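A.B. asks: TrEMBL lists 163-184 with the feature compositional bias 'Acidic residues'. The compositional bias 'Basic and acidic residues' feature in TrEMBL is assigned to 196-206. The annotation domain 'Peptidase C2 calpain' is assigned in TrEMBL to 21-162. Among the features that TrEMBL reports, region 'Disordered' is placed at 30-53, 160-206.
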Amino acid sequence: GVTFSRHFTCIAGVFDVKGEEGQQVRYRGQFIPGDSKSGGGGAPGEHSWPQNPQYGIEVDQITTVAATVSCLDYRWQLLPGAAYDAQIGFVVMALTGTKIRSTKFHPLKMKGQSIAYQVAPAMTGLCTLQPGRYAIVPSTIVADQRLKFTLEISTSKPVNLESENDNLPDADDLEESDDEELGTYDDPGILMAPPEKMDPENDGKELEALSYQANDLAGFIKTLQSDVKALETKAEKLAAKLG
């Protein structure tokens with residue numbers, strides 16, 4: 001469908017960023033509300049946002065960074081009328097001093113973000129980073145459920161991945177934040193798609209379409225098997241004549 005094609009194109013574009021000198025890394029984690037290391041802290045700007053998992057990256061030269069955060073899409077398992085509001089996305093935050101985590105969100109320190117926060121199997125984003133230290137912070141909008149996620153990072157130049165081997169820094173071991181000097185803000189600058197609404201009239205149509213596709217595929221395989229059998233018969237006859 002259109003949604004799948006759009007996200008597949010985005011994901012494919014992410015991996016085109018990596019040049020011969022670049023790097024790729026994949027992390028697997030969970031949003032766990034209340035956990036100090038792999039927490040589910042909600043959207044940027046929320047007080048609990050720093051509890052989200054954070055992945056450090058140190059850049060020595062101007063580098064293009066592409067990232068994709070993806071979650072298991074279980075909408076097909078939901079009962080009719082059940083809500084699905086796991087809007088996912090990420091931001092790229094500049095780090096100051098020797099801090100290993102972003103201790104407070106501020107839009108002036110945001111150097112990149114996903115296309116939007118949206119109910120989708122995957123969200124991607126692309127940004128160009130100047131030399132410095134950064135944290136890539138995936139999150140959901142509503143921190144009310146445990147959710148497994150995968151974060152893939154691709155860079156055009158070599159970088160130092162400070163969270164390598166999933167050695168995430170603990171949110172309890174934070175330095176005093178100096179973000180207060182940046183002042184207050186009214187808009188966090190985050191792009192959010194409106195929550196998706198379940199349409200009872202469309203309930204089951206996805207499975208119905210999948211069933212049609214499976215039948216078409218089965219018919220194609222049957223035709224292909226018949227063609228292969230016919231070719232084998234011709235080959236046997238030709239071999240007999242030559243023999």
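Cβ atoms here come from the backbone N, Cα and C positions, even for glycine.
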A.B. asks: Work out, from DSSP, the number of helix, strand and coil residues along the domain 'Peptidase C2 calpain' (21-162).
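C.D. replies: Helix, strand, coil within the domain 'Peptidase C2 calpain' (21-162): 9 helix, 66 strand, 67 coil.
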A.B. asks: I'd like to know the mean pLDDT over the domain 'Peptidase C2 calpain' (21-162).
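C.D. replies: That region's mean pLDDT is 85.
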